[in-house]
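**Q** If you scroll down you'll find the structure; I have some questions about it.
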């Protein structure tokens, strides 16, 4: 303490001195001390003035602190460093650098306490040029051996994206610290520099630095952000094996990484080994430290990897425990259900979401609507449409496109077109949605017209646009037009044909009976054909009962999809159509030896706002006796009108009476009878099936149109696989499907 202050101390108010040195002194006490010092003429005293600067700065009274600092005739480095530190702490970086410049103009040289704060301020402002000047100052005045100063410069260069300069400085550090090491390896990880990040990580022990949770998180998060999802998961597994407990940052990052990994990558980890490791870590993590972002990431990751049942279970656990769940949580779970065949669950979640007071947004609706379309839940889809109108999100291009798709899948292509026309700013997704809808309904001409209109409006078609128009040509049997569009992809727009385009062409050629031409196209493909291509050929062989090409397609499918029973069933049906019963038995024996079973036919019908599911051969429905009786009466009426069931489609070695009995058990027929029993006359019925609508039902429905309009109902066959709609409106005969459209 200076000698000039001693006379004053003798007469100083006893309450003033403790105030200047107290960390809890109030602003009022500080101002009172300031007044006493002014009255005593000691404001120019460096010691007391510096204390005043500190007290004001700690209370964020920076104007008063700066005023006191300017009044000091001979300020010390402590006077400046106190204010620089406080300004920097409050993120007032520009003011901090201004005080530093004033300090230099007073001839006061910074020390190892001031320099890191100034360098930090440069980093916050991305002021690399000024930071380099500070670096030169550090070298000139011998601070190159100070670890703290050098570490601050490393952080500056990292924030300025000068990772090479940061690495050079890092290599010259006299001693490392975990924070600097963590920052450098995290920067390398974010840039995708896997080897460099691992080199720094493994070199930490050489520097005598033990990695901590922040270091591990830096690696995991960085690898995830740079798209190195496998590396992120590997680091997580290594971290977990070394006994580190993950926190919410770890969980969020690794869940996101697992969620972004393709199924092929998951196979590398032993069929969801990562997910199991993830679940183990999740179970060991204190759920109290998990934030809502980590919960959302967990739900998304599990759903993306097919573990939607586990995701539902965990989601319900979060709800029961009262954990925070936001609109993203609900939307993620709805999307997971919709994308994994849990359509009814998705609809139920949407209802519960609103009951819980969580308002859906423009992301939720497009996630929900595919579930409505998948099971023809038209009432639910219309309700979502109404919600979109009320909340004003219907003009969102993603919501509008989802509505177009939903209505087309629910058999309401006219409503689909109305929604399309109402979208103000259409993008390629909208155009592709309406084009795909027309293709689904067998309206090839309309789909082609949309394709041309899209280009006239200035929108360039993409590979999905060509998939839609080729599918429309396939549905309509337009072979020449199909070839034209296939060839124009590259000639007009430079789009290389992808696997799905070849699949569409094989389907188009195959369905039109040009099986050899379809097979020749497969052999000339520039890449190895996937299962979708061989599947298109096998389906066409089933349509035309071509055994030789069917066997070729089946052999390839057995290699590509060894666990898909559908391929075995198609080959078996080709043999059965030719009464080759020994071959049928051999195929079915092969299925049994591999533990495979045929997927049962399943149909959905929406009645009174509730979706009902009927399975082929399932007797659990409480109205099954009435359903069978209704089908029997319908069969008698149809026979009286001249319709006889085509038992050739029953591919089993049984007598004719048994074949007719088998035909009555198809799920779509059960659904029609169920609908007729539970709705008043005049109610439209719509059925969705998980498989292609069978030809027996298709032909029977067309017979209903022809002869039973006055007696029962009329039917409109949709050319979408698995969709059929019965309506009470009279339909002209020219709307009947051509023979080409038969399954």
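Note: Cβ is positioned from N, Cα and C throughout, glycine not excepted.
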**Q** Examine the ranges 673-695, 696-718 and name the one recorded by TrEMBL as transmembrane segment.
**A** 696-718
**Q** Mind tallying the repeat 'PPR' (326-360) by DSSP state, helix then strand then coil?
**A** 26 helix, 0 strand, 9 coil
**Q** Looking only at the repeat 'PPR' (212-246), report the model's average pLDDT.
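**A** Looking only at the repeat 'PPR' (212-246), pLDDT averages out to 77.
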**Q** State the residues, same chain only, that lie 6 or more residues beyond the ends of the repeat 'PPR' (76-110) and have a CB under 8 A from a CB inside it; answer 'none' if no residue qualifies.
**A** 46, 49-50, 53-54, 57-58, 60, 62, 65-66, 69, 117-118, 120-122, 124-125, 127, 130, 137, 141
**Q** When you scan the chain for residues with a C-beta under 8 Å from the repeat 'PPR' (326-360), skipping those not six or more beyond its ends, what do you find?
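**A** Counting only partners 6 or more residues beyond its ends, the repeat 'PPR' (326-360) has Cβ contacts under 8 Å with 292, 295-296, 299-300, 302-304, 306, 308, 311-312, 315, 318, 367-368, 370-372, 374-375, 377, 380, 384, 387, 391, 611, 613.
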